[in-house]
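Per Swiss-Prot, the features are as follows:
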type	residues	note
BINDING	His54, His58, Cys128	Fe cation binding site
Amino acid sequence: MPLLDSFKVDHTKMPAPAVRLAKTMQTPKGDTISVFDLRFTRPNCELLSEKGIHTMEHLIAGFMREHLNNTRVEIIDISPMGCRTGFYMSVVGAPNEYNVKEAWESSMRDVLRICDEKDIPELNIYQCGTAKMHSLKEAQDIAQVVLDKGVSVMNTQELLLKDFA
């Protein structure tokens, strides 16, 4: 089985919150696909609560699109990591990490402005596979920590494990 790119970086050196351009690739028609690591917590030190990360998934999907999408960049997907330390975001285009950082911080401010769980998008049994597993408070706590700490930018080359450098 091939080793995935995400396992070629030293997770013990990852700061958080931080954004990292994990990889870029070209489609057969020449479009650029960029994959970003949005690391909310330090790996193996802390993890996001299951209700908090689930609610954040619903909120960040729309907010990041509002702040990052433009004529040259379109978010394909933002998915939580199985380790519950962050999200992977795939986009058509090549935004730089600083644009992603600004969009992420703006999105966290948007999360803090949500007043009621009824305002969480797709929070119903028809559009969500676990509609009871949400917490606006926990998502807002996550957003506040991101804003309090500030988002930094990681360099993938500096994080490569020596066998892959």
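Our numbering is plain: 1 for the first residue shown, then up by one each step along the chain.
Placed from the backbone N, Cα and C atoms, the Cβ positions cover glycine too.
When each of the binding-site residues His54, Cys128 is scored by how many other Cβ atoms sit within 10 Å of its Cβ, Cys128 comes out lowest.
Residues His54, His58, Cys128 make up the record's Fe cation site, and a Cβ search at 8 Å around their centroid adds Thr55, Glu57, Ile120, Glu122, Leu123, Thr130, Ala131, Met133, His134 from the same chain. Counting only same-chain residues six or more apart in sequence, the Cβ atoms lying under 8 angstroms from the Cβ of His58 (Fe cation binding site) belong to Ile120, Pro121, Glu122, Leu123, Cys128, His134.
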